[in-house]
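Scroll down for the structure; my scribbles are underneath it.
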Amino acid sequence: MIYWLADLLEPSYPFFRLFEYLTFRAIMSVLTALILSLWMGPRLIARLQMLQIGQVVRNDGPESHFSKRGTPTMGGIMILAAITITALLWTDLSNPYIWAVLAVMLGYGVVGFVDDYRKVVHKNSDGLIARWKYFWQSVIALVIAFALYMHGKDTAATQLVVPFFKDVMPQLGLLYIVLTYFVIVGTSNAVNLTDGLDGLAIMPTVMVAGGMAFIAWATGNVNFAEYLHIPYLKDTSELVVLCTAIVGAGLGFLWFNTYPAQVFMGDVGSLALGGALGTIAVLVRQELLLVIMGGVFVMETVSVILQVGSYKLRGQRIFRMAPIHHHYELKGWPEPRVIVRFWIITLMLVLIALATLKVR
């Protein structure tokens with residue numbers, strides 16, 4: 001909106017050219033989303049408390065979690081609101097990639113909202129039936145995947161970029177739709193599984209979004225893309241502004257979600273943010289780097305798969321409890337130690353992933 005306004009006024013008022021610069025809009029995006037989150041936080045928390053929308057805690061979980069029972073949840077609403085408002089203000093709304101990410105994020109947000117609503121309002125601990133949750137996640141992901149495939153068919157936008165190999169970029173064809181589906185749905189559910197401790201999911205999300213912001217800028221810059229031997233995709237640079245909005249909104253939410261949390265994001269936040277990260281990774285053609293950057297999300301998901309598989313096949317559990325962050329809690333690690341160590345791991349993985357852009 002502001003980008004369009006600046007474009008309209010710039011011929012008469014050269015000062016407005018500043019609002020067209022990507023770096024300026026990225027900085028303003030962080031600040032806008034951060035301020036909006038900080039402003040909305042106390043108001044949303046008070047409203048959730050008034051409506052008695054509190055966290056449901058499993059009876060078989062760590063005893064330290066019993067004190068979390070009743071803590072306001074569905075705080076992801078303020079994250080999504082801050083990101084959406086910021087995107088509408090500071091991005092170029094003629095860019096189709098912006099709308100693709102927002103569509104997935106808000107669509108998954110609705111799925112998560114229904115899931116949370118059934119848990120906390122209808123007192124149904126299972127929330128939305130799993131098959132319906134995956135059905136709607138799949139519908140949204142497949143619609144976006146098909147639309148993106150038709151938009152970039154047989155171009156660099158549908159190639160697979162393989163880390164460490166500068167000349168290995170196979171054209172995916174229809175496999176692009178399959179890959180996109182699994183990346184979006186998989187990342188969404190991985191972030192959802194990680195969201196089990198105060199601040200555990202939001203800070204890695206912020207870090208990965210920051211890493212994706214750099215990749216989006218590099219991919220959208222013809223000279224830098226050539227220097228790094230990655231595909232040049234002109235529309236991706238605008239994703240920098242959206243990524244920084246995620247960073248700002250996430251940091252604002254962390255203000256209230258840090259240990260001991262005043263609010264949890266709920267599925268409305270975790271499913272939506274995971275879906276957004278997956279979509280961004282697809283758009284910048286770095287799905288494999290997302291696996292590295294989001295290593296904590298991958299680790300949490302794999303721990304659940306191994307736990308369930310081992311119990312069904314052998315009747316034995318590998319971990320004391322899954323996802324794996326609960327395993328460390330039951331080993332006696334204080335919650336803040338688990339959280340901060342997972343943050344440090346994520347920071348290392350994001351830096352490693354960015355370094356691979358040059359190691360080719």
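Any Cβ shown, glycine's included, is placed from N, Cα and C.
The transmembrane segment annotation in Swiss-Prot covers 26-46, 70-90, 94-114, 132-152, 168-188, 199-219, 239-259, 263-283, 288-308, 338-358.
For the transmembrane segment (70-90), the residues of the chain that approach it from at least six positions outside its boundaries are 1-3, 25, 28-29, 32-34, 36-37, 40-41, 44-45, 48-49, 53-55, 98, 102, 105-106, 109, 112-113, 116-117, 120, 202, 241-242, 245-246, 248-250, 252-253, 256-257, 261-270, 272-273, 276, judged by C-beta separation under 8 angstroms. A Cβ distance under 8 Å defines the sequence-distant neighbours of the transmembrane segment (288-308), meaning residues of its chain 6+ beyond its ends; these are 160-163, 183, 186-187, 189-191, 193-194, 204, 207-208, 211-212, 215, 274, 277-278, 281, 317-319, 322-325, 327, 342, 345-346, 349-350, 352-353, 356-357. Highest Cβ pair count under 8 Å relative to the transmembrane segment (168-188), across stretches 26-46, 132-152, 338-358: 132-152.
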